[in-house]
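If you look up TrEMBL, you'll see 12-32, 44-67, 79-96, 116-139, 151-170, 182-205, 294-316, 336-356, 368-395, 498-520, 526-549 marked as transmembrane segment.
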Amino acid sequence: MPGWRSQWRLVLLNSLTCGLEICVAAGITYVPPLLLEAGVEERYMTMVLGIGPVLGLLFIPLIGSASDQCNSSYGRRRPFIWLLSLGVLLALFIIPNADLLAAHFAWGGRTLQVGFLILGVGLLDFCGQVCFTPLEALLSDLYKDEEDCGQAFAMFSFMVSLGGCVGYLLPSLDWSSGLLSVYLGGQAECLFSILIIIFVTSVLITMKVSEEPSCPSSVLAGPGSLLEAGPGTIEGARCGVPRSCCYLLKCKLRLLKSGPLLCLLRTCWTMTPAIYRSYCHVPRVMRQLCVAQLCSWMAVMSFMLFYTDFVGEGLYEGVPSASPGSVSKQRYDEGIRMGSLGLFLQCATSTFFSLVMSRLVRHFGSRWVYMSSMVTFTFSALVICLSKSVVLVTVMASLTGYAYATLQTLPYTLTCHYHKEKEIYMPKRKTKSVHINGIPPKRDYSPPVEDALPLFNKDSYEYYPGPLKQNGSSHSPGGTEQEEVESGFEKRGVGLDFAILDSTFLLSQVFPTLFMGMIVQFAQSVTAYIACSAIFGAIAIYLGSQIIFDQKDLKS
């Protein structure tokens, strides 16, 4: 494609990424007031907000690996995107209407309203965060070349940053005086109705653009497939005309068994015990990358989650528990607004660096970009800890957007690079069996009837029959294990490794919500928020230097 058409397609392809970030940022920002109005105490607030990340840690590896193994006729990633998007849509409906839903039950009352709110918050955070994993894997599937993959994930980071900007701005606007708000019944109903419109539009655009390769019925016959019914059947398939009712019956059975929902449930059920064993078999390159990613995200998330509270209490010396209208309360509210401005500038900076990320990597290299981003972040956090100037603190907060953009781009392009050259970066372990996403192959394995699918050959863009494999390749039924053992690299899907990377992001949110309050209470100062962020940043600099960026790093 020409340059502008390729960029425009990337924008459309990542429209759901932007829509998800808008809904998650705006929804989670608006949730605390709704929970307080429903009677939830502040000490339980962080626990409610931690439900989504904890569930994500449990299910993201399962969903990521299941999407690698899915053999639906709708594609490998799209069924999961559809179902998770449905969960986000349901959450956007439940949160503003929790009181109305509870009113339909005479025995519910306020307790049921709180229950609906917690359900909506957990569903929004869980489905919204987990949905990024199949979206990232979809980008990796559609853009195989290393340079194209880098541009795709740079656009992904740009759309996430743009969605964050819009998501943080929408709740700050006054929707109560508008005609739509009067018709719908209030500020919350108006805001979430707009979020629903944005989200549905983004889902439809992405699903329309991201057409995954499908398997035509004319080539469904193959060794071990449902359509293998003798020479007459195969001959009929080649000419495109079925020769028997048995053939049609098997076609319908094949299509039924490859439905997206049944495919998802069957795959998840059969792979659940083995997926979590795959965490014990992470290649060295991915293990070093994930450890550095975890520490880097802990630094960034510790900063983002508590920056507004630090500005309100630390810089403006406000008191959040002061009576409404008092000077202390007004100072705190003013500090919260200034802190929100700093986070908005952070998203704006992240948007800019997402646009130029490919050029930076091309001119300076991945190692320099990654290390410079974390050095910049740590320096900014130290300045914020030591300074009392609101202007300087806001400028330093905006500079942290560089690290935010880098962490959303480089780890995923590095993972694509690892999978493109598995023989170098993921050599097989010194064992007789090779695990496929944590599943050891059996000695006399023959694929089940429903798992035999024609595959899409990404190199020649032709379809050919054969049993489904992890990396999209096809092998003959005989000698499959021997080919896997002699391949020289581990059979891992990129969806699983993307899921592991996303798990580090969710784990970085769980730690601050559990322990940061106790640390601040012990230190008797909200500056401990930013100090912990700076400490994590310094550790991330060291761990980042251990990441394998190219083949030269393997020799060291």
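Just so it is clear, glycine is given a Cβ too, placed from its N, Cα and C backbone atoms.
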Touch test for the transmembrane segment (498-520) and the transmembrane segment (151-170), at least 3 Cβ pairs under 8 Å: no
Whether the transmembrane segment (79-96) meets the transmembrane segment (151-170): three or more C-beta pairs under 8 angstroms: no
Selected stretch (most C-beta pairs under 8 A with the transmembrane segment (151-170)) from 12-32, 116-139, 294-316: 12-32
Maximum Cβ pairs under 8 Å to the transmembrane segment (116-139) - stretch from the list 12-32, 182-205, 336-356: 12-32
Cβ contacts under 8 Å made by the transmembrane segment (336-356) with residues that lie 6+ beyond its boundaries: 154-155, 157-158, 160-162, 164-165, 168-169, 172, 304, 307-312, 315-316, 390, 393-394, 397-402, 404-406, 408-409
Spatial neighbours of the transmembrane segment (182-205) far in sequence, C-beta under 8 Å, 6+ residues away: 12, 15-16, 18-20, 22-23, 26-27, 30, 34, 85, 88-89, 92-93, 95-97, 170-171, 174-176
